[in-house]
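Student: Structure below; questions to follow.
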Amino acid sequence: MKRISLTQYLIEEQRLHNNIPAELRLLIEVVARACKTISHAVGKGALGEVLGSAQSENVQGEVQKKLDIISNDILLEANEWGGHLAAMASEEMETIHPIPNRYPMGEYLLLFDPLDGSSNIDVNVSIGTIFSVLKAADGMQAAKEADFLQAGSKQVVAGYAVYGPQTVLVLTTGNGVQCFTLDREMGSWVMTQKNMQIPADTKEFAINASNARHWYPPVKRYVDEMLAGTTGPRGKDFNMRWIASMVADVHRILNRGGIFMYPADAREPDKPGKLRLMYEANPMAFLVEQAGGAATDGQQRILDIQPEKLHQRVPVFLGSKNEVDLVTSYHKTK
């Protein structure tokens, strides 16, 4: 495969599909540059004194790691001055972050989870950044939270970076999924995988099995059938994988198939799940569908959900299409 840079890919996509105007290309490049900076901070680890807790909580009531706050600040500072955004929203902030008046206002909205899987930071397991781009309403004067509450099908870009043995950036602009690897010597993103595809069938699943006693019947039935192996109703053996880092689990699925599940359960019946719709489930669902997979909340396509609030949570089932369809059918016949 011819090795091309992220910038060259974006320019050629614009020529072919006319879907990446200059302002959007700038936005993608700035986010990619911020991910390089985060990768550098993550890579320093204890040497950079960035490990451990920040002794604070985010809006979700989760204890923040130092790198959560550092990564959030990197993304805010990189993106607020360029004139391509109207506002930003983050897992780490209760309200939206409008672009300061001293900078020009752009026509896009950026949402992100600055450091997904941060429970893994101190033990050197892969973590990452997830982001989603929406179009702002025409003629917007001042961004409000309601402007962000668009269905996932309205996304114009989605992607994530994984900070692991290599740093990779996985991206869709609505025409397939491409993977770029950070060349640390040159400081550039180079395309290393084109048109990633998720096989429709799989023998791997990812779920936190320690919660099994709390699962609702459709999930319990589905997992029990897989665990029964060759002598069970599925007639084949399955392997379980669970990294506790959504970006790492989804990246594996994009490369070799599988199903990722984070269902609602009986621990907190009033909560519809743990993962956030706007900046976790939606961008990952967009990527997975663009790679030929499927993504639902057990009842409907994730990208069809109309959000009601910025930090809304949803159950998530995504990955190989035939498996997602099967577990979704169990929810509909419960």
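Using the three backbone atoms N, Cα and C, a Cβ is placed for every residue, glycine included.
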Student: For the Mg(2+) 1 site that Swiss-Prot assigns to ASP113, LEU115, which of GLU91, GLU92, GLU94 is also named?
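Tutor: Candidate listed by Swiss-Prot for the same site: GLU91.
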Student: Looking at the substrate binding annotation from Swiss-Prot, with ASP116, GLY117, SER118, SER119, LYS274 already listed, which candidate in ASN18, ASN19, ASN195, ASN208 is the matching residue?
Tutor: ASN208
Student: Looking at Swiss-Prot, which one out of GLU12, GLU225, GLU268, GLU280 binds Mg(2+) 2 in the same site as ASP113, ASP116?
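Tutor: When Swiss-Prot describes the Mg(2+) 2 site, the candidate it includes is GLU280.
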Student: Which whole number of Å gives the largest C-alpha distance between any two of ASP116, GLY117, SER118, SER119, ASN208, LYS274, the residues noted as binding substrate?
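Tutor: Taking every pair of listed residues, the largest Cα separation comes to 16 Å.
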Student: Over all shown protein chains, what is the count of other CB atoms within 10 A of the CB belonging to LEU115 (Mg(2+) 1 binding site)?
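Tutor: The Cβ of LEU115 (Mg(2+) 1 binding site) has 31 Cβ neighbours within 10 Å.
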Student: If we check Cα distances from ASP116 (Mg(2+) 2 binding site), which of the binding-site residues GLU91, ASN208, LYS274 wins as closest?
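Tutor: So, spelling it out, the nearest of the binding-site residues is GLU91.
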Student: List which of the binding-site residues SER119, LYS274, GLU280 have their Cα within 10 Å of the Cα of GLU91 (Mg(2+) 1 binding site), in sequence order.
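Tutor: Passing the 10 Å Cα cut: GLU280.
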Student: Let me know the DSSP-derived helix, strand or coil state of ASP113 (Mg(2+) 1 binding site), please.
Tutor: strand
